[in-house]
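Asks: One structure, as structure tokens, below. Some questions next.
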Amino acid sequence: MKSRRALKNVRDETALFRRRALVGFVLILLGLGGLVGRYVVLQVARHDEFATRSTNNRVKPRAIPPARGLIYDRNGVVLADNVPAFRLEVVPEQVKDMPALLARLGQVVPLDQDDIDAFNKQLRQSRRFDSVPLKMHLTEDEIDRFAVNRWRFPNVDVVPYLTRHYPFGPLFAHVVGYVGRIDADDLQRLDADRYQGTSHVGRSGVERSYEDVLHGKPGYELLEVNADGRTQHVLETHAPTPGRSLYLSIDARIQKAAEAAFEGRPGAAVAIDPRNGQVLAMVSVPTFDPNLFVNGISQADYRALTTDPDKPLYNRALRGVYPPGSTVKPFLALGGLELGLRKPSDTVFSNGQFCLPGQTRCYRDDKRGGDGTVDMVTAIEKSTNTYFYKLALDMGIDRLSQWMSRFGFGRETGIDLIGESDGILPSRQWKAANSKQPWYPGETVIAGIGQGYWAVTPLQLAHAVATLAGGGVPYLPRLGMATSTVGEAQRQPLPNPPGATLIRQRGDWAVINAGMRAVITEGTGKGLNDGFPYAIAGKSGTAERYSRTSDAYDTNRNTAYLATRHRAWFIAYAPADHPQIAVAVVLEQGAWGASAAGPIVRKILDAWLATHQGVLPGAERLPDAAPLPSAAPAPAGSVVEDVPVSASSEVQP
Amino acid sequence: MIGVLRARMRRFAHRVMTRRRIDLPLAAGLFVLALIGLATLYSAGDRSLALVGGQAARFVLGGALLLLVSRIPPPVLRSWTPGLYAVSVALLVVVAILGEGRGSMRWLDLGVMRFQPSELLKLTTPMMVAWYLHPRQLPPGWKDIAVVGILIAIPAALIAEQPDLGTAVLVATAGAFALFLSGMAWWRIGLLVGAVVGMIPIGWHFLHQYQRDRVLTLLNPESDPLGNGWHIIQSQIAVGSGGVFGKGWLHSTQSRLDFLPEHTTDFIFAVFSEEFGLVGVCALIALYAFIIGRCLWIAMEARDTYSRLLAGAIGMSFFVYVFVNGGMVAGMLPVVGVPMPMISYGGTSAVSLLTGFGVLMSIHANRKSHI
């Protein structure tokens, strides 16, 4: 301690500090002098200018919210529209006692607690002279009642605005989604400047994922006000930049047919164009009316939707996960070829059951006694379990999950919607993360027929079918196809570049195609092509909702009974020689994939073909197809545009 | 009743004064400042007594803390310094973790009251710097400067990340002033300032978009007529229209008609300038200069290095408040959240400022000639 004190020269240090403090003070005085100088400039030199501006300061800016972009289907059919409506607004500046005002107002126009809460939240966020919306979408009765009592409420006004309307109601609820009133959480998240004056924001579906495109940029007007702050004139208007309109790749006609085909039975269907990833239809049944949500859904309506056992708010296409069952077989067979584990001509003898060496428990074929000797095409056609049990074992779980992940199983497909489920792709890693047990060989066996841990969403399966149908070239599934705005002659397409192909040899693809084609001509899907002029390829899947507790075959063949136990899948693409549409359909309560889900697929294909007037350029018509109708009547009032596909991305397997 | 109370108050005041704990000129300066603040707030807040009462309550709380802190001898304060610094930085980290994913987070909710840990750092950062430099050979060499730099940078970076650029600047300058007063060689100061100026383009990269917008808006207020540009234009109109003698107390029109946003908090000085004119501005700034000068005087009379550096740094950082807020109101500096000390309404700023002056009172009470 002593040595340190000796080191410190206290006297010098004190003197140094004094000098520094003085210099510091002089610098501070200079700084304050500079500040005063600035005030001299403002208050003396420019006083006249500012005094004039102050007395003329009767001008206030007010934000003008931009009109939200519309949403169309691929042919320009309006799916989300802006329609005029009226709302109640309060200018908080002049109100002394807000609760009392709201109480008096509530006697004229009924206000529920949700309105008042939202109003109070927004009140805190806005400037006092900005009017704050209190109640949206007034009914005519409410407008009339307020008009009579208007004199009692000098600070309250009925203001016209544009509200969102979904003309198709429930049909697009799970795709387009809906907008809702901006609440306190949104205010934290959103850019306050961009959302000045805006009352609604996208809550779900495309409305949410394309919020940035649809919203636009607010403008403002300069208002001249009197000494009390009341608006006298509008001096200047700077128009807002409206949001861009969005064209979806969905075709409303296909969407409508797909939804109708379910006849209200819970399930989902997704149709994708394999040449570009565009989603042509995406339905989840049952559904709900998105218009209910726009101006705040009533408690009763909301409770009805949430307590419905079929969960209409649940987007099955995007979030529902189901075991894929036999629909994985074509993908697995392709893996066998690509990984060099199988040749198309390699055969397997199916005798009705398959046993792992050294284990007493065996795995069944669907048909008692088995399918006999099958090669790859026959195994796909007859859905021979033994063939795929062996293939899965030869492949091993690591190669199996790695191969299947290339089709997008086990993770989000990356569609332009928020809230996708990952599903489950069985793998050692997945099991290690979710269970304490090690991986058992038996689990590899059942993974080969889409059972066990497997779980896929209808969207994932449709995406995988599209990738397969497109010759192994993956595209991200896309709903947004193009945008446009007023004054732009052309739609701006939203690009969606292809990924690298999964298939090394075109011959491999042809084998799988032959197998899936045989499913339709000879196998479970027999009859599905009747009357359809182009070749369909497909595969059924019947997944068990509950694991079997015994090895016994189901003796009860009653369809209604089986429907409670099974999920029915059907995947397909068409035309088989030149695929232009890929479809996956799941029916939550279907006895058998082909008989329950197959007809839904066919109705989607019919509707799709009708949008092309029954003619597909580049594809071969089946020989037994009816001759071309001489003049196919075009649906009235809509223009059919063919999908623009660049030559390089065209797939000609 | 009132008589008894008044007698008791007088006795208390007498005791406080005779003990010479309180520096009368400084206390008087602060008192006058508080009165001006309340009067301005009454006008700016639309004659709301609730607002004035709330602010007065803060002054009373701050005054109580001032008296309390003034009783802690500087050596004791010095021994507590590392602990106080560590705790306040830890609280900043807690806020940063709690605020994860919520965009902006500055507050710690204590249930009874919300409390902003960054306020603590305005005091504990210069304390820590003074504590570190106290036993060392002064003027400091590069090694000590580097250590001090780190001691300042940790809290400043955490606060800037919140994001609260204004408070970060206050904390950093308070620490830097302690270093300046320790006698850091001019050529080293020159080098460091040069380096900081050279870093500005890099720092720009780290600013949030809204912070950049604020700087850009300053250059061209008309570009943002709905946001910050509006603040700047309206504030300048208020100040400029005040002229030399002002429009008189309670006669500002800019805030009354709601043209001026934040007119009780960050922009209250615009109301003051409009009502009291250049004369009022000069008088108020002279009062601030007097308080700063008195702080430096107390620092010069202090007994040891720690007290000296701390007192000087607290006094000089008072200048930063005035300069940054005054410059912002006059459209000279970007809009950052720095209040005009003792005038702006709300927050915990008045309380933390008065606590800082409590430290000065304690240093004054334990000055050299008075042991």
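Cβ coordinates are placed from backbone N, Cα and C, and glycine is handled just like the others.
In TrEMBL, annotation is done automatically, which means it is predicted and not curated.
Since we're looking at a predicted model, the values are computed, not measured.
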Asks: Out of B:232-253, B:342-363, which range is noted as transmembrane segment by TrEMBL?
Replies: B:342-363
Asks: Quick check: do the transmembrane segment (B:165-182) and the transmembrane segment (B:80-99) share at least 3 Cβ pairs under 8 Å, counting only pairs 6+ apart in sequence?
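Replies: Not in contact, no.
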Asks: May I ask you to check whether the transmembrane segment (B:276-297) and the transmembrane segment (B:309-336) make contact, with contact taken as at least three Cβ pairs under 8 Å and only pairs 6 or more apart in sequence counted?
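Replies: Stretch pair touches.
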Asks: Applying the under-8 angstroms CB criterion, which one of B:80-99, B:141-159, B:309-336 scores highest with the transmembrane segment (B:342-363)?
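Replies: Counting Cβ pairs under 8 Å, the winner is B:309-336.
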